[in-house]
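Novice: Here you go, one structure.
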Amino acid sequence: MDVDEENPVTPSDAISVSPDGNEAVDAAIDAMSLQAVQPAILPVAPTPMIPPIAPIPHPVPRPLAPIPVRPAVLRPPLAPSDSDSDEEESGLNRTSAGQEYEISEESKHARERQEKAVQELLTKRRAAALAVPTNDKAVRARLRRLGEPITLFGEKEMERRERLRALMVNLDSEGQLEKLMKAHEDEEAAATAVPPEPEDIQYPFYTEGSQSLLEARREIAKYSIVKSALRLHRARRKRDDPDEDLDAEVDWSLKQAANLVLECSEIGDDRPLSGCSISHDGKMLATCSLSGVAKSWSMPEVKKVSALKGHTERATDVAFSPINYQLATASADRTARLWNLEGSVLRTFEGHLDRLARISFHPSGKYLGTASFDKTWRLWDVETGEELLLQEGHSRSVYGLSFHHDGSLAASCGLDALTRVWDLRSGRSILALEGHVKPILSVSFSPNGYHLATGGEDNTCRIWDLRKRKCLYIIPAHSNLISQVKFEPQEGYFLVTASYDMTAKVWSSKDFKPVRTLSGHESKITSLDVVADGQYIATVSHDRTIKLWSSKDGEKEKAMDVD
């Protein structure tokens, strides 16, 4: 390579600034382009021999198919929209010439779904931002102030709260925020309001009764004090008198009971018999039946004396007064009636809300007790017919009722398998005897003053000691339910039970062993009664018969005048 080294040109020589300005600069640039500058000579390294590389073929691109152009379809202009988004979207569909294109159905549906999803999202955001009370009481109060039902059928607390939330969101979205705020303000005002101070009123802890009930309690207390004193005096005399042989007396009474035989059987009515009662002197017998008719019979011939008609429903029980020949009947027509032997109605006792079950006279003869399926038993004044006491305490129907021989206590039993002992002088429930596993249908006080017998649908008879407040004996008495239990009314030396197994049984009150089984009825026995001296037992049954059981030896002893 030849390099021309002559006439070297320096930059100071090549560029000269003249007052002409641009012309001098252009002349200097031309001179530099004409004269070559000598480069520095470097040693040259031998270049390695590289084999040639074959060229890479490039694929030839295929031509794309032309995009079909949709024909423009004219349509009427859209209605003006309130939202900016609608204006923008409508603007996208306009051409420069002012024409509009039609949107496909799929696009419309997609747009509707999108708008709906956005609306739901906004609703959820508003619902999450709302303050909904968590206390169920506050939720109910707000629903009430909004005019909505405070609860729906089967609605739980959380469901009620979500219903309130949805309601508040709807009110907010509809622009009824004032109504919602007013309800909230009412709640705050109610919460912050100072409750008025209650008046200092002293209420009695008991239900105040009538003046007639107070007089009745006083009369019962006076009567019971005298009767209990006589009973205790008699018991002390038997205990302390060396001439008194209590065991021999009990054995003699049980011997009479063991000799009981069927003396008489009589058809009592066209319908099944439901109750019977013997008068205080043992000369009269009363029966009642499902026909609603009660009848009186002479004893011991069992001859009909009179028929007592007046009840509109079936009669459920009958009881003689302990002081005279008046008798009372209970019926399913919710009334009890007082009769004389001629068949005239003396008084009607109305007030129960459901059918009556058993009925019983107070030992003084002045008061009448009725048990009913309205879960109450009531005490009535026999002379005036006034309701003295409405006693609650059972959770189910009250079926049986009995008065203590002193007149101080009453025992009620019912379908709740519970027996309650009440003090008539104070009105308090002093004992609740639990043990039966099925409904109790009958209860009876012993003349000794401290034993109580109950029988029910569990086929057992239980003997309770009122002094120990517990059950002494459980007698598996029958193979079917026990419809009636009754102590011998004079001394209580034996106990009689009647059952739906068509038998009545006599039990010793000393050790409660079986003494006699009275078989003869062809259907279930519904009721029984015992004469005061224990010589006669009357039973009635669904076979419509009255059966009178007597002791043959008892007649001989009566002739001997044995005390």
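Even glycines carry a Cβ here, placed using N, Cα and C.
As the structure is a computational prediction, the values presented were derived from the model and not from experiment.
Residues annotated as compositional bias 'Basic and acidic residues' in TrEMBL: 105-118. The feature domain 'Pre-mRNA processing factor 4 (PRP4)-like' is assigned by TrEMBL to 134-187. Residues or ranges marked as region 'Disordered' by TrEMBL: 1-22, 71-118. What TrEMBL records for 308-342, 349-390, 391-432, 433-474, 475-517, 518-559 is repeat 'WD'.
On this model, are these features tucked inside or out on the surface, and what's nearby?
Specialist: Mean pLDDT for the repeat 'WD' (308-342) in the predicted structure: 94.
When Cβ-Cβ distances below 8 Å are used as the criterion, the repeat 'WD' (391-432) is approached by residues 206, 209, 217, 220-221, 223-224, 227-228, 231, 354, 357-364, 369-379, 438-445, 447, 449, 452, 454, 456, 464, 466, 469, 489 of the same chain, each at least six residues removed from its ends.
Beyond the ends of the repeat 'WD' (433-474), by six or more residues, the same chain brings 228, 231, 235, 358, 396, 399-406, 409, 411-421, 480-492, 495, 497, 499, 507, 509, 512 to within a C-beta distance below 8 angstroms of the stretch.
Counted with DSSP, the repeat 'WD' (475-517) comes out as 0 helix, 23 strand, 20 coil.
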Novice: Grab the same-chain neighbours of the repeat 'WD' (308-342) for me: Cβ-Cβ under 8 Å, and only residues 6 or more beyond its ends, written as numbers and ranges.
Specialist: 271, 274-280, 284, 286-296, 348-350, 352-361, 363-365, 368, 370, 372, 380, 382, 385, 527
Novice: Tally the residues of the repeat 'WD' (349-390) by DSSP class, grouping H, G and I as helix, E and B as strand, and everything else as coil.
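Specialist: Going by DSSP assignments, the repeat 'WD' (349-390) contains 0 helix, 23 strand, 19 coil.
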